[in-house]
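Q: I'd like to ask you about the structure that follows.
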Amino acid sequence: MESQQLSNYSPISHGSACASVTSKEVHTNQDPLDVSASKTEECEKASTKANSQQTTTPASSAVPENPHHASPQPASVPPPQNGPYPQQCMMTQNQANPSGWSFYGHPSMIPYTPYQMSPMYFPPGPQSQFPQYPSSVGTPLSTPSPESGNTFTDSSSADSDMTSTKKYVRPPPMLTSPNDFPNWVKTYIKFLQNSNLGGIIPTVNGKPVRQITDDELTFLYNTFQIFAPSQFLPTWVKDILSVDYTDIMKILSKSIEKMQSDTQEANDIVTLANLQYNGSTPADAFETKVTNIIDRLNNNGIHINNKVACQLIMRGLSGEYKFLRYTRHRHLNMTVAELFLDIHAIYEEQQGSRNSKPNYRRNLSDEKNDSRSYTNTTKPKVIARNPQKTNNSKSKTARAHNVSTSNNSPSTDNDSISKSTTEPIQLNNKHDLHLGQELTESTVNHTNHSDDELPGHLLLDSGASRTLIRSAHHIHSASSNPDINVVDAQKRNIPINAIGDLQFHFQDNTKTSIKVLHTPNIAYDLLSLNELAAVDITACFTKNVLERSDGTVLAPIVQYGDFYWVSKRYLLPSNISVPTINNVHTSESTRKYPYPFIHRMLAHANAQTIRYSLKNNTITYFNESDVDWSSAIDYQCPDCLIGKSTKHRHIKGSRLKYQNSYEPFQYLHTDIFGPVHNLPKSAPSYFISFTDETTKFRWVYPLHDRREDSILDVFTTILAFIKNQFQASVLVIQMDRGSEYTNRTLHKFLEKNGITPCYTTTADSRAHGVAERLNRTLLDDCRTQLQCSGLPNHLWFSAIEFSTIVRNSLASPKSKKSASQHAGLAGLDISTLLPFGQPVIVNDHNPNSKIHPRGIPGYALHPSRNSYGYIIYLPSLKKTVDTTNYVILQGKESRLDQFNYDALTFDEDLNRLTASYHSFIASNEIQESNDLNIESDHDFQSDIELHPEQPRNVLSKAVSPTDSTPPSTHTEDSKPISEINLRAPREVDPNISESNILPSKKRSSTPQISNIESTGSGGMHKLNVPLLAPMSQSNTHESSHASKSKDFRHSDSYSNNETNHTNVPISSTGGTNNKTVPQISDQETEKRIIHRSPSIDASPPENNSSHNIVPIKTPTTVSEQNTEESIIADLPLPDPPPEPPTELSDSFKELPPINSRQTNSSLGGIGDSNAYTTINSKKRSLEDNETEIKVSRDTWNTKNMRSLEPPRSKKRIHLIAAVKAVKSIKPIRTTLRYDEAITYNKDIKEKEKYIEAYHKEVNQLLKMKTWDTDRYYDRKEIDPKRVINSMFIFNKKRDGTHKARFVARGDIQHPDTYDTGMQSNTVHHYALMTSLSLALDNNYYITQLDISSAYLYADIKEELYIRPPPHLGMNDKLIRLKKSHYGLKQSGANWYETIKSYLIKQCGMEEVRGWSCVFKNSQVTICLFVDDMILFSKDLNANKKIITTLKKQYDTKIINLGESDNEIQYDILGLEIKYQRGKYMKLGMENSLTEKIPKLNVPLNPKGRKLSAPGQPGLYIDQDELEIDEDEYKEKVHEMQKLIGLASYVGYKFRFDLLYYINTLAQHILFPSRQVLDMTYELIQFMWDTRDKQLIWHKNKPTEPDNKLVAISDASYGNQPYYKSQIGNIYLLNGKVIGGKSTKASLTCTSTTEAEIHAISESVPLLNNLSHLVQELNKKPITKGLLTDSKSTISIIISNNEEKFRNRFFGTKAMRLRDEVSGNHLHVCYIETKKNIADVMTKPLPIKTFKLLTNKWIH
């Protein structure tokens, strides 16, 4: 007989009590709360547990042997330890007892055992009142039998057992605490029962079974006093004893009453916590049971509020009541009464359903989740829930059942259930099947119900294309083994067992059938909304019902969890029996390997692959049968779901049923395309499209940008158009999540107009397929139309609009109508339509004169939107017009003939189509009307106008680049077209050139011209002009160079023919003209064809000059000529090679195409002096970009798994057009934060050094009185804009010292807190280099100083506050600054003014005008860089005097005094300098580069072959648009900033040979393509290989009386994008290179001479400033020189003929340069190109040339 253990119960342990409650059997004639009977054995167990030093064995048990008691604990179980009582007071026969005392007259009944002695036991004294047993009772008491019907035996029954075996009675433990009294009473009652005094114990009603005798009362009183000391009694016990100290019976009665009450409360709490309800019992009974429990607990002082009660009730709901958990859990103020109203409603609905449909009545036992037993007459299912107990509860398997054949009788009763035979299954966990559930309709599902599944319901799925069900109970007309392939969301195949019909019987008594697939391998029964829609049933989630299109409600929808469900009670059952699919778990499966274990072991492969591998023995050691495959089908690996997650498959047509309710023009789709690059500013770069969901009518609008106001204007326009034209209001607009749609301006506009924006979901671009497919279609049409017509790309939107007009009139295969017909508009009249690009002649209604031709050739674009005319493009006027005054040009020489349009376009058919339209025009034409020929103000193309050109007789006609393709010629049958002299009425767009105006046959970049033909007004005539054919651009660099070399070697093609000349047909716009072009010499050809401008000077070409450096012979004196020779004499120029290469004129330098796919911004440089080509036009030919309209994005790189979804890429384009030089390079962060240096620094030694530096910095700040230490301010009291954040930064210097600096966050300083006019000045690098050079030549001493905490010497005027250092622990306080703290905007300027004033007033220095931070007096020169000072003087004592003066005011530290005559090493502003006074100076950065470059994470090759040059000629930077996701783009830009930042720092310090490469790559920082990164890596690799190189200076000859300052300049003409030229300058002082500059010219030069002039003019200002500095620092005379390798430039500078400048648009710059040269006494000298060391600044050079030009000054 099971019983609860009362000794373990306490009021504060309800949770454990609830968890350990088991079912009990109680005799019907016994009170279950009767402590005197049913709890006696538990009291004994509690007493046993209380004895911490005592074990109980069968031989020494204190309980008399009785077969009705619980079985003793096995010997293997260890004895109880550490009970609640610390001692046992055992009375034994060996103790000396007082006379007359006996334990009920039988002291021998307690045998002595050694382990029963307690060290705390003491024998009672004689004065102790021991219990006396009455003389009338002389036999021991025995335990009553449960069969007696009474819990306790009376005296007579005790007498009958006097002869029983002697047993000792264990006394109760000693009471040691008032809190232990309830447990002690239980053991005390047990003691009385074992002493045969159970009859005197009060029962439930408080009265004993028999009267207590006086002797028993004495015994009771004495034992209570002995084992319950008064100091440990509870208060209520003491109160009873204070009234009557002998009333022990009242204490026992009260204790039993309390125990009964506590037990009842515990049982109620346990019952309430384990409520179970599934509708199997009436709802009224369930409500009565729950309310009684709650009322009883409230009456006993345990208050259960509504929230807790509702949670407990809902937790126990199952079956169809389970969904109340999710529908009610959000109601915060729900009451128990409201919850039971819902339960009653569901119960009544169930009963009504069962009564109305007896054939589909679910067995009541299906949902008995609270049933714990199952009776099966044939073969019961035994499930071991506890090793010591068995339970006949029935479970369900996790993934498998043996489904028995169901007869599906109209009524299902318990008899039919008991007859079903099933195999034993094992219960895996408590969440499997509902306990007590039978194998009826609901259990044929061969998978578990998921935790979020609503049993007995179908899941509504809008993404599923087919309905799938796990049960065969509802499949009608099933056919097995269907050939159907079904995949799930992870694209895994789902095996299908059968296909059939699913029949519904809805509320309106209508029946509907859909197709259904049977499979046990799914987690839910899925009902496809697509299949329901096919039978005119839709789901309305607003009303949560299934309904027909006419609004008839069929069934309710239940929202359970995150899904929507429909009850299965609307399904009609069938009589089909499907065979078992999955095997039932047997005991054998426990010996197999679980599939999840194998799945994880084999790298998370799928089950199909693993099984196939095991079958084919590719995996050894175990076989397929060794794996438990029962859970393989439905097993969902959480790691696989995360690691292999894919985008949801967008189901085509899944949205249509939700949009059918919209009327025309109420639901729009929109998307934006763009930008299209390389277009004139007047042409649109974007377009926005709109598509109506219902009619599929389309609109397109041009856009020049994607600004908010531009988008808003378009939305305003189309909404007004739809409202006025179609009397409709737009309700919803679907769009993507681009910033142009998600901005606040548009959102407010839509909200104001009551329009709902519908955005696409993340990573589901296919949901926006309507708009994106339209854009793709229009772009395909655009490319095709432009290719077909040959029109320039800036007319791309006209092609888009033409396509939109046509496609709105084409019928859809689905709707059988066109979009225009759906919209109620008229169809397209094809008689008014012309092919896109059709050549036409437009009437000129306003000619220049009456004899001027009245026809202008043009190309038809599309019908006008604003008139009945046509939009026609006029190339000659560079604009479009809206007119009806045109005639179709039917000549065979039109552009449309290039693709053999003889077979595609027929003039007769075109005439027949347009005959009616033109007859209509002719009949209504007004002769003098000009209205129809006026430009349309609404057509954007009318704003496109181009450069006006001079009237020309020659229009180059492009031909095929291959020699095998003969040029097209016109036969005699060709109809002549009169020549038209055109005018340009207004200024034109500068971005459009001729090649982008007229149609071209092939979109070749630089076509090779083999012959030129043209029609003239007087017939055919050939001209013998030695044209230089431009080379076709090859796909590879090698072929390109080969082509150039080959064409150049054929010099005979460039020779002139003085006596014979042929007639070359020249292309014209119309007519023929027999004109003989006169003979043209080579020089004239060069002027006309190549330069198209006369040369300013007649100087000989450079390739005919001598290889020696020859100054220009001018009418100067001999001394001046000697000066020019002396300028060149000491320069570090290379020695000339024995056989110099032949150079050609600068005129032959190639002009690269502007839109080439390979930009001429390269490390190879197309502007190389060794690369030559020619052009055949006065204006440069601009190449059409073949991929301007290209919008397809590359496939996402599958290796890039940094994101779980394909990244949203952005197109990156070159931004180098606006970049002139390296600017704002982001520096490399070499400092550490506080957490990096101290908090999380694992290097203990380094951490200690940083802590030491930290305290040193704080002490220095306090010493300098940086802030006011007298008061700390509360943050709330200070204006927030005057509060500056602060932080600590840590750094390790190259000398190994660790430094800490407490700085203010000046980067976020408010502008009102400092004077923006103040500047922080530092010494210019050119000033430092000049000072160092003069020091070497004059044997100066160089002293290096450092002023500690320099900024803190400057006071601060403004009222500013910062946060205290962290160690002070005052986070909410502020301190006021008194000094110019580090990091503040004004600190640098304040320090500069402070130290400047001190040097001038106290040290007697003066600042050099124009060169801040350079101070001098008669003996000393000082260069100041913040807190670093460099002193130069002839006398070291002069330096020491300055140092002494500085130390009076500042903490000055001498870094290097420089007094040694040996080599001295300095580290001055990053430069590592080796200086031996009077001999040499070497400047480098080897140590710094050795430390910094490896930290850049550049793939260096330290042991490989070293690079000999930073780049090679012929390497082009690809200009393809770069598509890259945002994170990777930022990462690469940051990497480029670090690499170019370091390279720029080194290059401008001393590595001037790298400046061209640095400048070129710096222009591509925002375009970090793979090619750009590789070139950058190559530059860094070269810096690493040559990190030991130094800038070498030697002392100037002492015989030189003057200082010589020289600037060598060079320019590379047109080798940068957009024909910009690269210019470079190198500055030398007394033969020592002190600086260099390489940059892109700010202006576009038109010739090599102009580029050279630009380069020289850029060098003159700095040359003059340096001259002033040198003269200030050294009083010697100075000679200034300019060296260039362009004789034509020198000729211009020294020329006195001003007439040559009047016709040159660069004449102003040339005149200014001439004036500067003359006014500043500059000597302009010529230097050969092979000796021009500035050549390294303008272009990449071959290795040999690069070494030759640099090895004299840097090595």
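For all residues, glycine too, the Cβ spot is worked out from N, Cα and C.
According to Swiss-Prot, the protein carries these features:
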- ASP1346, ASP1427, ASP1428: Mg(2+) 2 binding site (BINDING)
- ASP1610, GLU1652, ASP1685: Mg(2+) 3 binding site (BINDING)
- 1338-1476: domain 'Reverse transcriptase Ty1/copia-type' (DOMAIN)
- 1-93: region 'Disordered' (REGION)
- 126-173: region 'Disordered' (REGION)
- 299-401: region 'RNA-binding' (REGION)
- 352-421: region 'Disordered' (REGION)
- 583-640: region 'Integrase-type zinc finger-like' (REGION)
- 956-1087: region 'Disordered' (REGION)
- 1092-1111: region 'Disordered' (REGION)
- 1129-1172: region 'Disordered' (REGION)
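So that I understand the layout, could you describe where these features sit and how close they are to other parts?
A: The secondary structure of ASP1428 (Mg(2+) 2 binding site), as reduced to three states from DSSP, is extended strand.
ASP1685 (Mg(2+) 3 binding site) carries neither a helix nor a strand DSSP state and counts as coil.
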Q: Restricting attention to the region 'RNA-binding' (299-401), give the mean pLDDT.
A: 57
Q: For the recorded Mg(2+) 3 site formed by ASP1610, GLU1652, ASP1685, which further same-chain residues have Cβ atoms within 8 Å of the site's Cβ center?
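A: Close Cβ neighbours, site residues excluded: SER1609, ALA1611, ALA1655, THR1684, SER1686, THR1689, THR1729, ASN1732, ALA1734, ASP1735.
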Q: Using the alpha carbons only, what distance in Å do you get between ASP1428 (Mg(2+) 2 binding site) and GLU1652 (Mg(2+) 3 binding site) once rounded?
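A: Here the two Cα atoms are 39 Å apart.
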Q: List, in sequence order, the residues of the same chain other than ASP1346, ASP1427, ASP1428 whose Cβ lies within 8 Å of the centroid of the Cβ atoms of the recorded Mg(2+) 2 site.
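A: Surrounding the site, in chain order, are LEU1345, ILE1347, ALA1350, PHE1425, VAL1426, MET1429, LYS1453, ILE1455.
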Q: May I ask you to report the DSSP-based helix, strand or coil state of GLU1652 (Mg(2+) 3 binding site)?
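A: Its secondary structure by DSSP: helix.
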Q: What whole-number Å value do you get for the CA-CA distance of ASP1685 (Mg(2+) 3 binding site) and ASP1427 (Mg(2+) 2 binding site)?
A: 43
Q: What three-state class does DSSP give ASP1610 (Mg(2+) 3 binding site)?
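A: The three-state answer is strand.
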Q: Radius 10 Å, atoms counted are CB only; among the binding-site residues ASP1346, ASP1427, ASP1428, ASP1610, ASP1685, which position scores highest?
A: ASP1610
Q: Please report the Cα separation of ASP1610 (Mg(2+) 3 binding site) and ASP1346 (Mg(2+) 2 binding site) in Å, rounded to an integer.
A: 40
Q: Can you tell me how far the Cα of GLU1652 (Mg(2+) 3 binding site) sits from the Cα of ASP1346 (Mg(2+) 2 binding site), in Å?
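A: That comes out at 44 Å between the alpha carbons.
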Q: Pull the DSSP breakdown for the region 'Integrase-type zinc finger-like' (583-640) and write it out as helix, strand, coil residue counts.
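A: Reading the DSSP string over the region 'Integrase-type zinc finger-like' (583-640) gives 27 helix, 4 strand, 27 coil.
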Q: Counting by DSSP secondary structure, give me helix, strand and coil numbers for the domain 'Reverse transcriptase Ty1/copia-type' (1338-1476).
A: 34 helix, 49 strand, 56 coil
Q: Counting every protein chain present, what is the number of Cβ atoms, excluding its own, within 10 Å of the Cβ of GLU1652 (Mg(2+) 3 binding site)?
A: 27
